[in-house]
Amino acid sequence: MAPALSGVATAVFVVAITGVTLVVRKHADDGRTTDRYRTYEDFSKFDDTVDNHLIVEGDEYRLRGPPKDGSPFYSLSRRSALDVDYDAYFPDEEDLRRSEFYRNASYVPRYWNASGWLRVDEVGSAGIDHEKREKVKEMMIHAWDNYKLYAWGKNELKPITKRGHSGSIFGAYDLGATIVDGLDTLYLMGLHKEFDEGRDWVERKFSLDSVSNDLSVFETNIRFVGGFLTCYAFTGDRLFLEKAKYVADKLLPAFQTPTGIPYALVNVNTGISKNYGWASGGSSILSEFGTLHLEFSYLSDVTGDSVYRERVQAIRTVLKDIEKPKGLYPNYLNPKTGKWGQQHMSLGALGDSFYEYLLKAWIQSGHEDEEAREMYDDAMQAIIQHMIRTSPGGLTYVSDMKFDRLEHKMDHLACFAGGLFGLGGTTLNNQYSEKYLEVGEGLTNTCHESYVRTYTRLGPEAFRFNDGVEAKALKSQEKYYILRPETFESYFVMWRLTHDQKYRDWGWDAVMALEKHCRTPNGYSGLKNVYLTDPQKDDVQQSFFLAETLKYLYLLFSDDSLLPLDDWVFNTEAHPLPVKGRNSLFRAAAASSAPKLLRNRDLLRTVCGVKVRLAAANMKQPNILVTGTPGVGKTHLCQRLAEQLGFKWQSVSAIVQEQGCVEEYDEEFECPVLDEDKLLDYLEPIMQQGGNIVEYHSSEFFPERWFQAVYVVRCATSLLYERLQGRGYNERKIRSNMECEIFQIPLDEAKESYRDELIFELQSDHETDLEANVKTVCEWLESWRSANKQKADKKK
């Protein structure tokens, strides 16, 4: 579910040309002012069509609009549109090279050679409306390609002024919110090249280390933790799991309150947390602290670390035990006293997704979390009794309540509730089921009416039922539409539950409205007044438009076998998480600390023709494996280590040639095919002696008992490309090795084959890195020797 619209002021850009110097002055929302000077040569060296980069001031465009003859309007007599974000429009050289790499026709996405991934190409096709679904996919491509072109790495795109949106919920920090939010939608639509490129950005660029301002715990959780966890569930790629854990760990300081109810905001560098000043005397907000359970519980399941579930279970305990007025949950709770704040109840803004997560926590647990289902049923009964009403025209709506008084206003945010009640009525057959389904159908119909009663056929931010008005916004601040997904979410859920054709018809009507009124040549924009014939655009392509709006519309026209509702549960940002006990992609962590993979050759080897069981030798010197993509610098490191430590350097490539450990020769890749068993038989007695540095580009077939440390060497891919070219590799071989490095294949192999505590990463870009890496390994060796000595002394 999308958040309420931020009130952050839009940044103002002023562009002036004086001589050959372009000056860009940005007045940011946090009050800081920065001046950036770029010469004409700085621009032209990137693109010889420099004239196409000169720009118009955004407010002037919005004030005057395009010329009446339809031609573009520019502040200078140039032939292009507005772009004031130097970094967004001119990506760094590495981004440009990688973009070309993924766009290459010969590039094969990881999906096609992957095992254990969600197979979106193998689901049923009988229930697909192909034409409509392809249209939604084309909308996603249009949104993604323009974000990539004008705001890559920024949080969101401003499609009219063609730059990054610095006034987003995450501010001006380049966190790539649209990338993380959109990855799973790309995956589901079969846009696997785009998915791989987004994953590559996450690996290289995603970090919270530079963020010095407060971040919303709620927004960061649902978009980043949720988005990464979904990608992990889809693929099993540990990068996504590591990123999810990294972000969640940054949020944990916010939970350090007397009640365990987290604060709304956290500084991810200092851990200092606080609440919004406007939130009822320093209270936390129900829809924020109540919308963490799905992500944190699943994170505990897949990492084996119980801390995340403990944090959200503490929230659950407070909410279950606290006295609830009329059985309802007010929107504000003081995290210090554990007392309710202002008596304002809502199934829209400030309350909404808390109720959603009660039902979905029960579904996610495989129906084992009965406490969550009980709390959901109790809350829904209170809402039906006190807040659900029917208008004189027969429209069912859920009203906000303030101090026991109904406002007869329904938020667009509350339009998810049609699907929520529908799910509640069909996932458990109890005394409430029939009523739930009736309310769900009624609310979904009302939200549809709020759409078709506007000129644009898109719904307002809020709509009322008083003064003779039904399902219509009355106040100017309620008439905007910011590409919200909630109504389409209910269309999708109700279609899956009933297969009533009207939901698909309503969804298609919305697609046509989005195309007519929100589409621009460079992405999609919200509208400032849905009741006008020619509404002004707000110039923001929200990240949730890709994460939620387009995903729900795509699934609406897909077969039910694509993400079945019995096997998947959607978080409030539409990131699907697997259901425990039903979904093979749940990927729960192993209960023990045993190695991730146990191979037979770890236990048995052939000695003189007889199978014998081997144990790790009690060596005085350890064995060290150095692995990584060819060209990253393993050989130089191993040479230096052998000299420095007095170890024996075992180059597997040399051993293969000397000992004839070759089955055949691969002409395409111009390299021998390894005879693994012959190699292992040769190395076994050598490794038993200890004191070896083993160098090879793969690690997956070596026994874990051989090594006391595994070092994975990496380098910048731009350097790697040059090194591989210098070796005279053919293009096929270069591309294969580049893919290995980009997708961390050596690191993944190591993590699948060895315990985490054995694995270390080294960066090898420059000569100074070599010296630092040698020092790192030497320090590890000293600690290993010290630990071994302590063990020996203890035995004595």
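Note that Cβ sites are derived from N, Cα and C of the backbone, with glycine treated the same way.
For CYS447 (disulfide bond), applying a Cβ distance below 8 Å and a minimum sequence separation of six or more within one chain yields HIS412, CYS415, GLY418, GLY459, GLU486, THR487, SER490. Taken from TrEMBL, the feature disulfide bond covers CYS415-CYS447.
Here the Cβ of THR572 (Ca(2+) binding site) has 28 other Cβ atoms within 10 Å, regardless of which shown protein chain they belong to. What TrEMBL lists as Ca(2+) binding site is THR572.
Per-residue confidence over the region 'NMPbind' (651-674) averages 75 (mean pLDDT, predicted model). TrEMBL lists 651-674 with the feature region 'NMPbind'.
Feature annotation from TrEMBL assigns region 'LID' to 726-736.
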Secondary structure composition of the region 'LID' (726-736) [DSSP: H/G/I, E/B, coil]: 7 helix, 0 strand, 4 coil
CYS415 (disulfide bond) CB neighbourhood, other CB atoms within 10 A: 31
